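Undergrad: Pasting a structure below so you can have a look.
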Amino acid sequence: MVKRHKNTIGVWRLGKTLGTGSTSCVRLAKHAKTGDLAAIKIIPIRYASIGMEILMMRLLRHPNILRLYDVWTDHQHMYLALEYVPDGELFHYIRKHGPLSEREAAHYLSQILDAVAHCHRFRFRHRDLKLENILIKVNEQQIKIADFGMATVEPNDSCLENYCGSLHYLAPEIVSHKPYRGAPADVWSCGVILYSLLSNKLPFGGQNTDVIYNKIRHGAYDLPSSISSAAQDLLHRMLDVNPSTRITIPEVFSHPFLMGCTSLSSMDSTTPPTPSLSIDEIDPLVVDCMCVLWKKSSSKKVVRRLQQRDDNDEKYVYKVLSEILRDDMLKKQRFDENKYLSLYDLIHDNNLFTKASISTTSLVKSNVSTNSRKSSNFEDELARRVSSPLSALNQMSQSPIPIRVSSDKDYDSYACHEVVSNPSTLDDDYNYMFVCPPEEYTYSTDNVRTDSLDLQSLPTPTLEQLESVPFNRYGYVRIFPSTTLSSTASGYYTPDSLSTPEPSIDGLTNLDDVQVGGFVQGSGNQNRRPISFPVISNMQPNITNVRSASAPLCSSPVPSRRYSQYATNARYTPRKVSSGSVLRKISSFFRKD
């Protein structure tokens, strides 16, 4: 039997707090049966719309990419069970130990680039690579790339126009607000990371943001005299202001700096060429998933690429995706099919990729299901979803209610929600959930109906039953693998921070953190690490926040994913701050010209 208490999220028992950000916190957790450790990232639902992030982390199986174990939710928070890396961020490691030797820096850089290349072969662009988003296992000398919150899928025939990232790691084309390709931008960020590993400071610093922007645009930085000529040459090529002439990841692996310092001389040593496939060997199910994942790709083009003798991304992704789907289907057989959301189902979730407007909304009433079914489109869509494993929660409830939290007060009380008349046209910038909690767990209002699921009428279900049933007695719902999430297709705003002008890593001071209403504030010396600057107009910036420096860089037509209650606004007006401050310079940069 599994003893459960209020500090249990599904099959995970919560422990100490590992870290706190502007909108989330991370707690250590232990699996109730196996004893395995995990880091539970807790995000309020009003800030969480992370379907694309979950999809990427399920697809990207790589030794240098952080693993996603599990996802749970209740009516207040999302709980992501991630791989636990006890030694923490690479940022803290460099801050503690100072500059690394060239051999050690090359060893870690090769792991970072190998993981980034793995992402790029899926056409995923991370767009927020930095020391704070890289975790390290010191004893194993292994790194893990984390936080795919700003990652996106980049079609081959188009550029990205969503400008986001961390100030000191931004590529010149992003700072200049030009349409850009994600792969060269990631290479630039890796160049900044290499510079930091070798010198214990960031290459682009200054007294204000204007100075930093100008240095980035012109590629103006000072190279430490202590590093070798091979390292200097690689830095010059990675920090090339022209993305078309910037070195690529395969070229980096062939560079003398990496070849002389590591045994990994090329990407071919870790990703051997994939043989061509005949038309009889090609699985149309896998090809279909590739076309949906890559949006504009045609099946004929993918099949032609799979039949070529030369190695290409299509052959690589086909091989990896077919293995994942096969393993996923084996797992699905151990679960009730109606309660397991396979990777195939997640890829084919229309809400994950489709952007459309909501046609009709109304307040939730006790008879909302009957009223909603007056729409034939809604009834047809509901019948389709009930016959599909896409929404396990729908099948378990007599009348599922797709809702969206419309404001903070509504989020707190669930007194007012909006009903979607046609789920097939859900805007993926909203955070939709299907409300059907078990009967022993009720909300504080009568407007939301409860479901009759009772965990097989057992007062203390076993762990196996907990893993196959998405509810537990405290109202937590397992959504991975159980039901689906909505997300944006081209990245989103994050409430993390922009960087302060201080370029030094070694000179950062410790901060005595005090937990105040879910936000971290300093009670001691002013922290010189990157600060938070939320761009939502009614959010208060926290100048002593110790989380990483991620933020959008301008008004963007893509609404917020984490700030889903503001998603109806096409653009954001930054909050005005005092004249002459760094925050005002940042806010002026956000304004559209």
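Glycine residues also receive a Cβ, built from the backbone N, Cα and C atoms like all the rest.
When I checked Swiss-Prot for this same protein, it listed these features:
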{"type": "ACT_SITE", "residues": "D128", "note": "active site, proton acceptor"}
{"type": "BINDING", "residues": "L18, G19, T20, G21, S22, T23, S24, C25, V26, K41", "note": "ATP binding site"}
{"type": "DOMAIN", "residues": "12-258", "note": "domain 'Protein kinase'"}
{"type": "MOD_RES", "residues": "S550", "note": "phosphoserine"}
Undergrad: Measure from the CA atom of D128 (active site, proton acceptor) to the CA atom of V26 (ATP binding site) and give the result in Å, rounded to a whole number.
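TA: Their Cα atoms are separated by 19 Å.
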Undergrad: Which three-state DSSP class does T20 (ATP binding site) fall into?
TA: strand
Undergrad: From the Cα of D128 (active site, proton acceptor) across to the Cα of L18 (ATP binding site), what is the distance in angstrom?
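TA: Distance (Cα to Cα, whole Å): 21 Å.
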Undergrad: Where does D128 (active site, proton acceptor) sit in DSSP terms: helix, strand, or coil?
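TA: SS state of D128 (active site, proton acceptor) = coil.
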Undergrad: Pick from T20, S24: which of these binding-site residues has the biggest number of other Cβ atoms within 10 Å of its Cβ?
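TA: Top count of Cβ atoms within 10 Å goes to S24.
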Undergrad: Once the chains shown are all counted, how many other Cβ atoms turn up within 10 Å of the Cβ of the residue listed as 'active site, proton acceptor'?
TA: 28
Undergrad: How many Å separate the Cα atoms of S24 (ATP binding site) and D128 (active site, proton acceptor)?
TA: 18
